[in-house]
Amino acid sequence: FKGGDTCEYLLSSGRFLGEKVWQPHSCMMHKYKNSEAKNCLIDKHVVFIGDSRIRQLFYSFIKIINPQVKEEGIKHGNIPFEDKSASIKVDFLWYPEVNGSMKQRIKSWTEGSVAKPHIIVVGAATWSIKIHNGSNEALAQYKTNITSIAPLLEKLAISSDVYWVLQDPVYEDMLSESRKMITNEKIDAYNEAAVRILNSSSRNSKAKVKVFSVSKLIAQETIMKSADGLHLPESSRDTNAMILMNVYCNKIMKPIDGSCCQPQPPLTLIQKIAFCFFTLSIIGYLIISLIHRNNYRKNKSCTDLESGEEKKPAISTPSVSTLEMLLQCFCKLGLIMTYFYLCDRANLFMKENKFYTHSSFFIPIVYILVLGVFYTENTKETKVLNREQTDEWKGWMQLVILIYHISGASTFLPVYMHIRVLVAAYLFQTGYGHFSYFWIKGDFGVYRVCQVLFRLNFLVVVLCIVMDRPYQFYYFVPLVTVWFMIIYATLAVWPQIVQKKANGNCLWHFGLLLKLICLLTCIYFLSYSQGAFEKIFSFWPLSKCFELNGNVYEWWFRWQLDRYVVFHGMLFAFIYLALQKRQMISEGKGDPLFSNRVSHVLLFISIVSFLTYSIWASSCKNKTECNELHPSVSVVQILAFILIRNIPGYVRSVYSSFFAWFGKISLELFICQYHIWLAADTKGILVLIPGYPMFNVLVSTFIFVCVAHEISQITNDLAQIVVPKDNSTLLKRLLCLAGFFSGLHFFSAMQDQSRH
């Protein structure tokens with residue numbers, strides 16, 4: 001940790017990821033849209049002063065505000081630009097040399113009541129080299145002129161943002177005869193003089209002229225593509241303009257994926273309360289541990305002075321009280337949450353943008369698949385979708401999703417569509433698993449509901465508090481929570497139809513199918529009635545849970561994207577359990593699921609269906625079209641996979657313990673990746689070890705997986721304490737939780753009021 005300002009890094013250092021993506025050192029750069037640029041620069045005046053290179057930068061800058069602008073201005077003259085809708089003025093002033101004329105223009109802004117520009121971008125040198133044929137006298141005069149201008153720029157920097165753009169290198173082989181005297185050696189001499197003079201003054205350390213030197217690094221990589229050897233190609237100057245926009249706008253707009261130049265957010269009231277709570281938990285746990293340890297030592301065996309025999313201790317092991325276990329869990333959780341905060345809220349660790357290449361996605365996929373196959377073991381039972389198999393399924397899907405996120409593969413549409421199927425498969429398992437439990441067990445008690453809700457939501461609620469994020473931000477947990485409640489409501493409402501009751505009378509099966517048809521009708525209606533859906537979830541207190549950025553559109557989009565797949569999971573569970581009850585399938589070890597002929601036909605159809613879906617997903621034209629069809633067709637590949645995985649007896653009898661281990665902590669892995677593996681709320685990559693990408697991924701992944709595993713254990717331990725089986729005790733705990741959330745809502749309202 002160097003403690004440097006990320007703005008300085010943005011202006012001075014970085015590297016290219018691929019050919020066009022610029023990665024500043026230690027931070028992330030946001031790509032501004034024209035609407036965002038207008039919001040940032042509203043009522044602002046920006047001035048570019050210099051030669052043709054600065055004019056290029058001017059055009060790239062105003063194209064961010066208005067992409068329709070054409071470069072039709074006078075080449076050797078001033079060019080005005082105005083966006084009346086946002087009251088933005090951007091001017092280019094033609095001053096190709098650092099001389100008295102430039103000084104007079106800058107001086108006019110420092111005197112009298114003349115309105116000063118909010119942003120001033122200055123730079124010139126190549127004309128001085130060209131006109132004076134690269135003479136040393138011209139360099140000396142350049143130094144004199146900058147020395148006289150520097151105090152004026154520093155005075156302007158007190159109230160405005162002032163940037164001095166260093167000269168980019170040239171591609172000497174491509175320069176015309178009239179420009180041959182502009183050499184990189186001369187440019188370096190001019191740049192060195194400008195940096196030395198502008199940074200030498202210490203009149204006011206806060207009012208510092210910012211040196212825009214990163215353009216040199218960009219030009220070194222791209223100047224070979226220049227049309228004339230002097231001017232940068234369009235992509236490079238666009239990068240420079242975007243850097244300029246990030247330097248000024250990030251602190252105003254605070255984009256999630258623009259960590260450069262953003263100050264550390266101040267602690268909210270709820271975060272301060274959480275910090276105090278975890279600190280007290282750590283202190284309390286240490287005190288109780290010391291007291292218990294001392295009591296244990298006192299009760300240890302001691303030597304009888306008369307017989308010399310050792311007496312047996314009254315207590316053989318230190319007993320762990322419920323309070324001590326509770327404090328221990330919160331103690332560990334407090335330390336883990338500190339790590340979360342330092343990784344993704346404090347400006348302590350570096351963050352970098354994602355950059356997708358096919359190798360960065362497919363090579364790790366092949367690697368984990370080989371590992372998964374290597375750790376093959378026999379299952380304890382050979383039923384369809386047995387526990388080991390579903391854990392394995394969750395595990396490899398979660399690992400693929402993690403690789404998808406860290407590699408930035410969402411930009412590659414075929415991969416995106418297959419990942420959408422994996423997310424749908426998680427929800428399919430939600431429908432299958434919860435339906436099977438309620439259908440077989442008939443347990444609709446409050447204890448079961450509270451256990452599931454606690455295990456699903458505990459980590460997310462803690463992160464909402466510590467990381468100052470809304471509940472809907474962690475969209476997958478609200479999704480599975482709502483679907484669990486829908487499954488519960490569908491089966492729990494009168495008449496409650498379970499397997500035991502249905503076995504006595506086949507008509508109950510039709511009753512259950514009728515319930516499922518009603519559920520499908522409701523889903524269909526809500527999916528095509530966005531207004532009705534948004535009204536339902538806009539009522540308080542649901543709005544507090546499902547709003548993101550002031551509306552519930554994101555929640556509606558996420559819900560409708562996989563709206564049918566949970567129903568498909570419930571229907572599959574119903575059909576499978578009915579076939580199992582009537583002994584129409586064979587689930588013995590090594591036996592095919594159906595007769596040989598039927599098994600071969602179904603296996604062939606499944607493989608063809610699986611490949612057909614993959615071909616369709618790979619031929620998609622755009623995300624919008626694909627997302628419209630996805631809810632209806634994703635079940636094809638899911639069912640095909642289930643049949644391929646379960647029809648052959650041998651395949652159904654083995655599983656990968658490697659994948660199954662990850663499957664047991666898949667929910668924690670999915671949520672933890674937001675802040676301690678990825679960065680900037682999944683928009684970037686966390687950098688613990690700069691300069692060594694592979695080593696960094698290994699270290700951050702190891703910590704990330706260990707933390708997810710530990711949180712899974714903490715959640716299980718706390719679930720036993722917070723959600724007891726005794727109904728009267730459980731009711732008291734629920735009242736306490738209601739009080740907790742009421743307090744959370746009260747403090748949240750206080751925070752919102754103070755922000756406004």
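Keep in mind that glycine also has a Cβ here, set from the backbone N, Cα and C atoms.
Automatic prediction, not curation, is the source of TrEMBL annotations.
What TrEMBL records for 22-72 is domain 'NXPE C-terminal'.
Annotation comment: TrEMBL describes 253-734 as domain 'Cas1p 10 TM acyl transferase'.
The transmembrane segment annotation in TrEMBL covers 269-291 (among others). Panel annotation: around the transmembrane segment (269-291), residues 321, 323-324, 327-328, 330-331, 333-335, 337-338, 465-466, 468, 744, 747-748, 750-751, 754 of the same chain, lying at least six beyond its termini, place a Cβ under 8 Å from a Cβ of the stretch.
What TrEMBL lists as transmembrane segment is 355-375 (among others).
Counting same-chain residues at least six beyond the ends of the transmembrane segment (396-417), those with a Cβ under 8 angstroms from any Cβ of the stretch are 354-358, 360-361, 364-365, 368-369, 372, 423, 425-426, 617-618, 620, 622-623, 626, 630, 656, 659, 662-663, 666, 669-670, 673, 677-678, 682, 685, 697. The transmembrane segment annotation in TrEMBL covers 396-417 (among others).
Sequence annotations record features per position, and here TrEMBL assigns transmembrane segment to 452-468 (among others).
Annotation source TrEMBL lists transmembrane segment at 474-494 (among others).
The annotation transmembrane segment is assigned in TrEMBL to 506-526 (among others).
Among the features that TrEMBL reports, transmembrane segment is placed at 561-579 (among others).
Feature annotation from TrEMBL assigns transmembrane segment to 600-617 (among others).
Proximity of distant same-chain residues to the transmembrane segment (629-647), defined by a Cβ-Cβ separation under 8 Å and at least 6 residues beyond the stretch ends, is recorded for 384-385, 389, 393, 417, 420-421, 424-425, 428, 527, 560-565, 568, 572, 592-594, 599, 602-603, 606-607, 609-610, 612-614, 616. Residues annotated as transmembrane segment in TrEMBL: 629-647 (among others).
Here TrEMBL flags 659-679 (among others) as transmembrane segment.
Feature annotation from TrEMBL assigns transmembrane segment to 685-709 (among others).
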Handout entry: Positions on the same chain near the transmembrane segment (452-468), where near means CB under 8 A and six or more residues out
Key = 265, 268, 270-271, 274, 333, 337, 340-341, 344-345, 434, 474, 477, 480-481, 484, 667-668, 671-672, 674-675, 711, 715-716, 718-719, 722-723, 744
Handout entry: Tertiary contacts of the transmembrane segment (685-709), as residues 6+ beyond its ends and Cβ separation under 8 Å
Key = 26, 336, 339, 343-344, 349-354, 406, 665, 668-669, 672-673, 676-679
Handout entry: Leading contact stretch, 474-494, 561-579, 659-679 vs the transmembrane segment (506-526) - CB distance under 8 Å
Key = 561-579
Problem - Tertiary contacts of the transmembrane segment (659-679), as residues 6+ beyond its ends and Cβ separation under 8 Å - result: 28, 259, 339-340, 343-344, 349, 351-352, 372, 375, 388, 390-399, 401-402, 405-406, 456, 459-460, 463, 467, 474, 476-477, 685-687, 700-701, 703-705, 707-709, 711-712, 715
Fill in the blank from the handout: In the same chain, residues at least 6 away from the ends of the transmembrane segment (561-579) whose Cβ sits under 8 Å of its Cβ atoms read 384-385, 420, 423-425, 427-433, 435-436, 439-440, 479, 483, 486-487, 490, 499, 509, 512-513, 516, 519-520, 523, 526-527, 585, 627, 630-632, 634-635, 638-639, 642
Handout entry: Intrachain residues whose Cβ lies under 8 Å of the transmembrane segment (355-375), provided they are six or more past its termini
Key = 17-18, 21, 23, 392, 395-396, 399-400, 403-404, 407-409, 411-412, 415, 656-659
